[in-house]
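To start, the structure itself, in structure tokens.
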């Protein structure tokens, strides 16, 4: 029996390895076949003679400008851009060459015309590439001009090979790649890529749901707070990272299908409708994971405080949710600021010891509501599996899901949604029954005793949110089922992928922070205010009282000079601030400096003999936006050039010029190079390798070079490194664009957007119309996510820069990126919670508590601004920071006092006419407070989310302080001494 089980396990592992290797084989089949087809075409000598002097450029065009893409539509988009770049580059080169040859025939010098035209083309193409994209179009344009304009700049006539030497290789490579894309399996359509990415994302959501349910309540054996909490916290971070990465993969799949060339049962534009639903489910699932970890922390904290002795040592606020102040006097102090050390060490946590039966209470409560959690999670998991099956049916030919089963699942989720209010009321009734002072509202006096109940309720609330979003997904899939065709059809369209209209919401200003004086001061300074507060000068002339002749001459001249100064300021401001202009100037200067050798009479012949165009091409592909990217790409290009040159010389010596041996060797190495290019992070090395050995190996085979392969390989390596060195020098000297600086800028912009997002939510809360816009808030979150994605990429490049200020804190920056992303997510969750506020709750916990609300809003807004200012300008963190946690507690205790005032002790009846503005008159007579606990529970959920935001804010500020090099604050004892 053991042998049988062992054999079965070995067979399963063997099948897994076979499936893995077969998937890699099929993924490499297309690029290898395309590369081998281009190699065979180059080896045909009659065809090579007709192509011109550079037949090996077929391989260069294929590798650089026609790479195999994931989908057919993306492949034809690349081919279209490259062909357009070929047309523009050849046209630009021909026109420039006509002017240069005309100057040479008329006893002039046409080389300055060629040099100027090449620099101008470099600037325009680099600017378009940096600002608008179209990467393949821009690169192939300047690539062709680098070859055409540096060949014999002093000739007086244009040879016929000038027109076709680069056009034929481009067309041949495009044709080969097009045929391979269509004919060689597997042929992936856009719907296949998007559908598979969506199915993978649903699998990740189901895994996260299983994890949160399995860890809904830990076992009794896990009594260690530090070890078990750290392990569980790491697991939660891993699941959050997996969810984020799978959602990013789905976004990438949608983006790669911008031009849809699709032959399937459903269009990509139909599948794109799933994107907002997936985002909301991911958001709800992230909140559910956070609630699960909160529940786990509460359980461990109840064990941690279940002891007779007070706990000594530092307690991190980030490990806990709320803590009571030491006394009622401290509670009622509405201090806006608190010292820095209270962000980390909170002595009030030792003020009260947890009740000894807290562990038993939370065990009993979890057992009481575990059946609800088990039923809901099972239904949600079954619904996600059903959504997975329906989506799989949309993109492939599998068994159809009956509509009755889908409707039954939707009705079950709807029934669960309708039971939310009753279950929340039951939970709070349980909390009040556990207290000894129900009638005088004493349950809120011992809020620590009820923390377990509230945390379990918070967990259930987020589970209800997940169920609601899954129900919306099923409703959408029910509508999308009608969009599926019984037979595959051809879809071809281009749809807009803009996620957020930046201009629409660009006018949202933070007047409370940007205004440095009050309204009264503004009235006093009205007459002394400048003409234009934005920094630009006014074009309109002043009304003059003096009408003399000198004034009539002087003031128009002054106005004209002021206007010209303003235009010059705008040009300078645009040049200095625009990343696109800076990149274009760097590209033009780099290529212009290297092309000087090609346009000098004394060095032009040697330049062509040395194959010096490759130094220009190296500058083209190495000179990136940031210095660190230039160093990284330059290193990859050096390694790729070295390996390609060594391989070309070795292959020539082994093959001895035999075409079949050359084809065999190149076909074998194609598998290795394509694997490195498409399945590893060293794709830059493989790309340069594929364009390095053809000029050396095939040049010797076709007798296009008069020098030996060894010398050609050495010269190629030297000129490429000359281009790399020039690119590095230009990028450092001309507008240095450092990854560290850009990284800090991106993080500062993300924190500023978080500030705008919170101020927008505060405006909604304090407005009278109870208006909450989910679109604007989620749009801010998408912008934050986009900035943080760029920050993650830059974080991988900072170590490539010249390190003059010591080691770069990569780990701290990574933690800061995670916290900023969590802030964006939790602000969206806060907006979604507030969107459920009704009129009763609004007047009860918002309008009557407006002063406490303003304290909390001011404290959090100032904290957000301190975070933004410290990141952007490296400003030191003030010793006294806004006391967000204290303001939050003051608000909670104020709500408690309001509840006491409105509660009648005889029978627990809500008083009629109580409260301000006659709000309670709208409440029905004999309406108990307990059935209305849904309102209070939404308030608790809001406070819980705000508490998480405060925790992330405090931790982010501590990270920024460490990044800025500020010293850690001393302990309380040293401060008191």
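Numbering starts at 1 and runs along the chain as displayed.
Backbone N, Cα and C define each Cβ position, glycine as well.
As written in Swiss-Prot, here are the features:
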CARBOHYD  210  N-linked glycosylation site
CARBOHYD  262  N-linked glycosylation site
CARBOHYD  265  N-linked glycosylation site
CARBOHYD  300  N-linked glycosylation site
CARBOHYD  346  N-linked glycosylation site
CARBOHYD  364  N-linked glycosylation site
CARBOHYD  496  N-linked glycosylation site
CARBOHYD  773  N-linked glycosylation site
CARBOHYD  926  N-linked glycosylation site
CARBOHYD  969  N-linked glycosylation site
TRANSMEM  24-44  transmembrane segment
TRANSMEM  54-74  transmembrane segment
TRANSMEM  83-103  transmembrane segment
TRANSMEM  108-128  transmembrane segment
TRANSMEM  164-184  transmembrane segment
TRANSMEM  376-396  transmembrane segment
TRANSMEM  585-605  transmembrane segment
TRANSMEM  616-636  transmembrane segment
TRANSMEM  656-676  transmembrane segment
TRANSMEM  682-702  transmembrane segment
TRANSMEM  717-737  transmembrane segment
TRANSMEM  857-877  transmembrane segment
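Residue density at residue 210 (N-linked glycosylation site): 13 other Cβ atoms are found within 10 A of its Cβ, drawing on all protein chains shown.
Counted within 10 Å of its Cβ, the other Cβ atoms near residue 773 (N-linked glycosylation site) come to 14, all protein chains included.
Here residue 262 (N-linked glycosylation site) is positioned 35 angstrom away from residue 210 (N-linked glycosylation site), judged by their C-alpha atoms. Recorded residues residue 265 (N-linked glycosylation site) and residue 773 (N-linked glycosylation site) have their alpha carbons 35 Å apart, per Cα-Cα distance. Simply put, out of 83-103, 108-128, 682-702, 682-702 has the most Cβ pairs sitting under 8 Å from the transmembrane segment (24-44). Long-range contacts of the transmembrane segment (54-74) within the same chain, counting only residues at least 6 positions beyond its ends with a Cβ under 8 Å from a Cβ of the stretch, are 30-31, 34-35, 38-39, 41-42, 47-48, 82, 85, 136, 139-140, 143, 147, 165-166, 169-170, 172-174, 176-177, 180-182, 187-190, 192-193, 253, 256-262, 492, 678, 687, 690-691, 694-695, 698-699, 702, 704. In the structure as shown, the Cβ atom of residue 262 (N-linked glycosylation site) sits within 10 Å of 27 other Cβ atoms.
Sequence-remote contacts of a segment are chain residues at least 6 beyond its ends whose Cβ falls under 8 Å from one of its Cβ atoms, and for the transmembrane segment (585-605) they are 111-112, 114-115, 118-120, 122-123, 125-126, 142, 146, 149-150, 152-154, 575, 612-613, 615-616, 619-620, 623, 722-723, 726-727, 730-731, 734-735. With Cβ pairs under 8 Å as the measure, the transmembrane segment (616-636) is packed most heavily against 682-702, out of 83-103, 108-128, 656-676, 682-702, 857-877. Packing against the transmembrane segment (376-396) from elsewhere in the chain are residues 191-192, 194-196, 198-199, 202-203, 205-206, 209-210, 213, 264-266, 271, 274, 405-406, 409, 412-413, 416, 460, 463-464, 466-467, 470-471, 473-474, 477, 480-481, 484: each is 6 or more residues past its ends and has a CB under 8 Å from a CB in it.
Distant neighbours of the transmembrane segment (857-877): 336, 340, 510, 512-513, 744-745, 747-748, 751-752, 754-755, 758-759, 762, 765-766, 883-884, 887, 946, 949-950, 953, 956-957, 960-961, 964, 966; these residues of the same chain sit at least 6 beyond its ends, with a Cβ under 8 Å from one of its Cβ atoms. Within the chain carrying the transmembrane segment (83-103), a Cβ under 8 angstroms from the stretch's Cβ atoms is held by residues 65, 109-111, 113-114, 117-118, 121, 136-145, 148-149, 153, 155-158, 162-163, 166-167, 170-171, 174, all 6 or more beyond its ends. Residues 89, 92, 96-97, 99-102, 134, 137-139, 141-142, 145-146, 149-150, 153-154, 580-581, 583-592, 595-596, 599-600, 620 of the same chain lie 6+ residues outside the transmembrane segment (108-128) yet bring a C-beta within less than 8 angstroms of a C-beta in it.
Counting only same-chain residues 6+ beyond the ends of the transmembrane segment (682-702), those with a CB under 8 A from a CB of the stretch are 35, 42-43, 45, 48, 54-56, 59-60, 63-64, 611, 614, 632-633, 636-637, 639-641, 643-645, 647-649, 651-652, 657, 659, 662, 666, 673-674, 676, 708-709, 712-713, 716. Residue 210 (N-linked glycosylation site) carries a helical DSSP state (H, G or I). DSSP classifies residue 262 (N-linked glycosylation site) as strand under the three-state reduction.
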